[in-house]
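S.K.: Sending over a structure as structure tokens; questions will come in a sec.
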Amino acid sequence: MTEPTPKIRIRGLKKAFGPKVVLDGVDLDVMGGTSFVVIGGSGTGKSVLLRCILGLITPDAGSIEIDGVDVTTLTPRQREPYMARIGMLFQNGALFDSLSVWENVTFGLTAAARMGHGPRLTRAQSRTRAGELLEQVGMDPAVGALSPAELSGGMQKRVGLARAIAARPEILFFDEPTTGLDPIMGAVIDGLIADCVRKLGSTAIAITHDMASAQRIGDRVGMLYEGRLIWQGLPSTLFDSGNPVVDQFTHGRREGPIKVDVGK
Amino acid sequence: MNGILDFVAGLGRAVLDMVRMAGKVALFGAVALSHVVRPPFYWRTLWGSLVEIGYFSLPVVALTALFSGGVIALQSYTGFAQYHAQNAIAGIVILAVTRELGPVLAGLMVAGRVGAAMSAEIGTMRVTDQIDALTTLSTNPMKYLVTPRLVAGTLALPFLVLIADILGVLGGFTVCVMKLDFSASAYIAATIASLKVMDVTVGLVKAAIFGFLITLMGCYHGYHSRGGAEGVGAATTAAVVAASILLLTFDYLLTDVFFSQ
């Protein structure tokens, strides 16, 4: 019997910025409908990995397959149908300051319609749809009339999540979804992410250095260290992985194989 | 000897950097312009930019033109009165305003106001991941952010310069009639006699090119800003300085092309 094709398959992914090697041969398989969480310290290349998959950064070597198609070989125009199937929640929300909340939420829907990847909605229909999506992430639809600058950090993350799921994407990416939030709001966001991923049946990749968040979101967890995924396993084994690097990181120990440059 | 070599090497590096930068800017502008004829078109962004550049710059451009026209009249009078050539002042004012002062001063004002704001806005979008977010939402950032602004700058500046031309002449007229006791009808007649369609047309062509250059610099530096608030600040300064220098350089080149014979 043949094994099912992973929704996302990464092989030998490399990226360096000048002399600094950030990704040094990352291999990763994420099966359809599952969530994979990448953990790792600051500056270990987690965001670079995500940006390579999204096509925001061109990798130096390696392949990134989505449904068996290597997207690194596609032109920007050929990539468009794949981008239309992807939703992304940025670390700080990345909401457009010049637009209202509801326009932010439906921005992707409007853009997809312009490209012929979805139905055209009137402004009234878009506003109604934005209200539904805001309710889905636990917000009052009336918030849609506000500007992003009037929202708290947690609310901006929720609006960012509503925008990411608006087009019912097959693949969702989350960049540090709980960074900068208090523990309760972090748990709320994690719960919403898990709910959205389950309801949509999406495949998700999240990057975080918040262990509680990794356990709440992920079906599987992997640790990125020195440019490679050095360990993968179940979230339940995160604090008892048997890998000294992972154990030092998850327990936050100063002593261990990871040497931190404290700038002395 | 080593000192001379270091100096020459430094000079060479600076020249190479400048050429590289010119190439990048030209490529950036060409890519942005290529989207003018390729749908989808972002009419709302274009309209917003037109209003921002054309309408909200009106007060500053109008005041600058009004006072500059007045100053030209006053200074010309100081010099020309010695040779009893006051009758030439109306011609001098309209020539200076339509050929040079209108486009250059309006351009510099817009570079300071709009070029800086544009660079800061796009730069902030860059450092807060909003430009990357556009890409993930199936929207080409060049097409959405840059192209409408370039088109708006190219269309709005001639309109501003036309207003500046009228107000510059009005400034000269006001000073000459109210302060220097010129005959209003004689001043108007001399102005009309000196008014040349070619001068106004070249001024408007200059304005369109200046508008393109100002918005190109604002967008380019904003789009490539790095490193948080400090990077956005540096990009804003670079955009205004580069736009001002380019504007004056192109003013000379265009004047040479149109009026040197």
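The backbone N, Cα and C atoms fix where each Cβ goes, and this holds for glycine too.
Residues or ranges marked as transmembrane segment by TrEMBL: B:21-41, B:53-74, B:150-180, B:200-220, B:232-254.
Mind running through what each feature is packed against?
M.R.: Counting only same-chain residues 6+ beyond the ends of the transmembrane segment (B:21-41), those with a CB under 8 A from a CB of the stretch are 140, 142-143, 146-147, 150-151, 212, 216-217, 219-220, 223.
For the transmembrane segment (B:200-220), same-chain residues at least 6 beyond its ends with a Cβ under 8 Å from one of its own Cβ atoms are 24-25, 28-29, 32, 53, 98-100, 102-104, 106-107, 110-111, 114-119, 122, 145-146, 149-150, 152-158, 160-162, 165, 238-240, 242-243, 246-247, 250-251, 254, 258-259.
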S.K.: Which sequence-distant residues neighbour the transmembrane segment (B:232-254)? Criterion: at least 6 residues beyond either end, Cβ under 8 Å.
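M.R.: Those are 100, 103-104, 107-108, 111-112, 115-116, 118-120, 123-124, 126-127, 202, 205-206, 209-210, 213-214, 217-218, 220-222, 224-225, in sequence order.
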